[in-house]
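*Asks:* Below are the structure tokens for one structure; questions will follow.
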Amino acid sequence: MTRRTAFFFDELCLWHAAGPHALTLPVGGWVQPPAAAGHAESPETKRRLKSLLDVSGLTARLQLRSAPPASDEDLLRVHPAHYLERFKALSDAGGGSLGQDAPIGPGSYEIARLSAGLAIAALDAVLAGEADNAYSLSRPPGHHCLPDQAMGFCFFANIAVAIEAAKARHGVERVAVLDWDVHHGNGTQAIYYRRDDVLSISLHQDGCFPPGYSGAEDIGEDRGRGFNLNVPLLPGGGHDAYMQAMQRIVLPALERFRPQLIVVASGFDANAVDPLARMQLHSDSFRAMTAMVRDAAERHAGGRLVVVHEGGYSEAYVPFCGLAVIEELSGVRSAVRDPLRDFIELQQPNAAFRDFQRQRLEELAAQFGLCPAQPLQAAR
């Protein structure tokens, strides 16, 4: 079944520059200048995704849109004024370090506002009934950003800013955020840790970023207790680990919460060739997770689903993973075939690893008080 999928993109988002880096290391001292892309959070992963959509013909089947930048009113619902002022001043001065692993260049402030604006508009389009679902190709990403501190290539909390705008404009009460970026969604967690109107679920590589963080015991506080679920997965985990996490934790949690809107923080850095992680997913892993969460949205949220782009640092492979997600959202299949899918499938963990990971997931599900998921059927 084909669906009305809106795709939010603006070329200016690709113009954010982090300055001279080799992967994530500032050039200087013992760090040599890079021969190619430079900083890991390069525009090329997003540019090549958009190019693959265009060349495959899929763009023509989507509602291609841009959006205005996030307003001060939008941003101030999440970020204090002094943070906006500090960010703008550093950007206007030519850039520098805004926080841990958060370098910016000239114009980054305005581009980050636009990135958040794309996410806001994506939620607006779905909640207004203009699209069945939406994908926001936001850059810079947002899920590590704290209210008053940039972190991990993130400068505004794009998804939180969009959710708070949606609450103000559309009166939506219950929103679920599923973060499958390989790095923990610590910014989203911090913003909603004491609230029960947003369910935050993070699937991430155990101990990857923030360095050493697992988070399984961090389930929220006060009214938010039980509404923050962290699912740390063992390094080296692959397709089976994520399918088990979806079936055993994510889907039952959505069933219990019954959101009116689901937002996915979609990083593609759990893919098997990403330079900043050690997981083993291929494009069909992201396709399968999208199908699961889409069916959950149709069951609980009237189909209202928005996917917001986060990380993913393999220029060669991110486009195939992103294409798979957008094909699944839209119900339109292109002629593109993933050239690494079968190779990655052969590298999947052995049975002993899979059994150990499954046991850990069972223990987490019991800790979270979750019953096994029933098979989801799309709403008719």
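Using N, Cα and C of the backbone, Cβ positions are placed for all residues, glycine too.
Okay, so Swiss-Prot annotates it like this:
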ACT_SITE  H144  active site, proton donor/acceptor
BINDING   D181, H183, D269  Zn(2+) binding site
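I would like each feature placed in context: is it buried or exposed, what are its neighbours, and how far apart are things?
*Replies:* Counting every protein chain shown, the number of other Cβ atoms lying within 10 Å of the Cβ of H144 (active site, proton donor/acceptor) is 29.
Around D269 (Zn(2+) binding site), a 10 Å sphere centred on its CB holds 27 further CB atoms from the protein chains shown. A coil conformation is recorded for D269 (Zn(2+) binding site) in the three-state DSSP classification, outside any helix or strand.
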*Asks:* Whole-number Å distance between the CA of D181 (Zn(2+) binding site) and the CA of H144 (active site, proton donor/acceptor)?
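*Replies:* The separation of the Cα atoms works out to 11 Å.
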*Asks:* Reduce the DSSP letter at H183 (Zn(2+) binding site) to three states and note it down.
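*Replies:* Going by the DSSP assignment, H183 (Zn(2+) binding site) belongs to neither helix nor strand, so it counts as coil.
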*Asks:* How many whole Å apart are the CA atoms of H183 (Zn(2+) binding site) and H144 (active site, proton donor/acceptor)?
*Replies:* 9
*Asks:* Quick one: Cα separation, H144 (active site, proton donor/acceptor) versus D269 (Zn(2+) binding site), in Å?
*Replies:* 14
